[in-house]
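Notes for the one structure printed next.
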Amino acid sequence: MRLTYLPLFAGIAIQSASALPDFFKSSVLKPRRTNSLLINPDAQPDLPTAQQASTAAASVGLNLTDIQGDILIGMKKNKEMFFFFSIADATAFKSHLDSAILPLITSTQQLLTVATQPTTAVNLAFSQTGLNALGLASQGLGDSLFASGQFSGAESLGDPGTSNWVQAFAGTGIHGVFLLASDTIDNVNAELSQIQSILGTSITEAYRLQGEARPDDQQGHEHFGFMDGISNPAIDGFSTALPGQAVLSPGLFLLAEDGDGSSSSRPSWAKDGSLLAFRQLQQRVPEFNKFLADNAALTQGNADLLGARMMGRWKSGAPVDLAPTADDVDLANDPQRNNNFNFTHPDFTETTDQTHCPFSAHIRKTNPRSDFNPLNTANHIIRAGIPYGPEVTDAEASSNTSSTDASLERGLAFVAYQSNIGNGFAFIQQNWVDNANFFFGKTTPPGIDPIIGSNAAQNNFAPNSPRPVSGLDPTDSTTIVTLNTDFVVSRGGEYFFSPSLSAIQNTLSV
């Protein structure tokens, strides 16, 4: 792990004070930290420096002081709380929002330099019913999935009904979510207590979920053990692309910016906001590990290779497309190389060859790269999730079974940002992940994503529905393996809108 995260700047910590909203100027210049609240595993791309981001943003007209901080940062949070709430008194809530909550909201620019990071970063997003409660029901955001909410579309996402959903997500009762991130849970809890004290009886708590990076050398890895957050795209006007990294227009993630195909249907105040897809995804780690052990014969007895072929990366983060037979930690920890591949090789037959990366591998299903020609630039998300829950206990490991004790549940607090949910998260889940024939044109159908895919829609929405997967055996691409266990179980979620800071001040608080 890198010992430092971002350089400390004295004179260029933020964009000029004249560019800041009035509510922001009084506190942002006060250094509050000497160490970053973010993590920076070697395998993940670095964030730009404040100066680099300011220069890039100016070239395309982005205002990083007005964009909430979580949207463009990616999977770099250390400790994070998701505090879901309902609005009980809209008038009081709006008054508190303007006078006391708004100064706590953290912008993108603030997070890029340690000296300007707050003790705890705070972001805020609203569901459609939350916007309705604030009097904005008539001002739609031009996104039908956001408007209807996630609960009504659960089965279209592959969920076997909603019996496994956390009760708070069932329906449309959640109006908003605070996202609080810091380097200690005590900091997060203290900031949440302050917010609750400010808002008082204007809100009621619906649910909370505590996430945190896994310990020690597992920092940056999700609970199955794989390094995460390597392949987020580069954003024009914010970050510089590394080799193999897609460079995408900001409007794919920020409403009404260049590249947003629905700009004409957005209200003016929605500019520079983003649509947040949240999912609580339970990971059944003992069951996953048992499957690898029981089926290692598919990969000549190498359970780690089987897992790598299912994911598309070794646990280190090294891609199997570049390291098809053995892990390569040096490759994994080199952002100049670990994303620089496209699933093609000399003398490959692209419709049949799965010797390097299976067609069904998770990272190929969710980011097909040169399986598209020309490269796809429409269906992308920025992932900003974090693991939740404790490590696997000895009892779970020995029994190969996840505990039914709710306090031992573990998984991923999945967060995806996009400007159009139907082109982003929902499209990827429905049309790629859960589609046994995607990517099209392969001689042997790829099958369903073996990590997060679901075949429930083809089996009367039954849990643990059998799902076909090809390519796990590197010596026989025609072998179809049937998975009979869901390694990832949806516990529900919701769609939110993360508004700009100026929208919070000038529209949502009015």
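A Cβ is built for glycine as well, from the same backbone N, Cα and C atoms used for every other residue.
Swiss-Prot lists 1-19 with the feature signal peptide.
Look at Swiss-Prot and you will find Asp228 tagged as active site, proton acceptor. Applying an 8 A CB threshold to same-chain residues 6+ apart, the list for Asp228 (active site, proton acceptor) reads Met75, Gly220, His221, Glu222, Arg383, Gly385.
Annotation source Swiss-Prot lists heme binding site at His362, citing similarity to another entry. Cβ neighbours of His362 (heme binding site) (same chain, under 8 Å, six or more residues apart in sequence): Met310, Met311, Gly312, Asp449, Pro450, Ile451, Ile452. In this structure, His362 (heme binding site) is part of a helix by DSSP.
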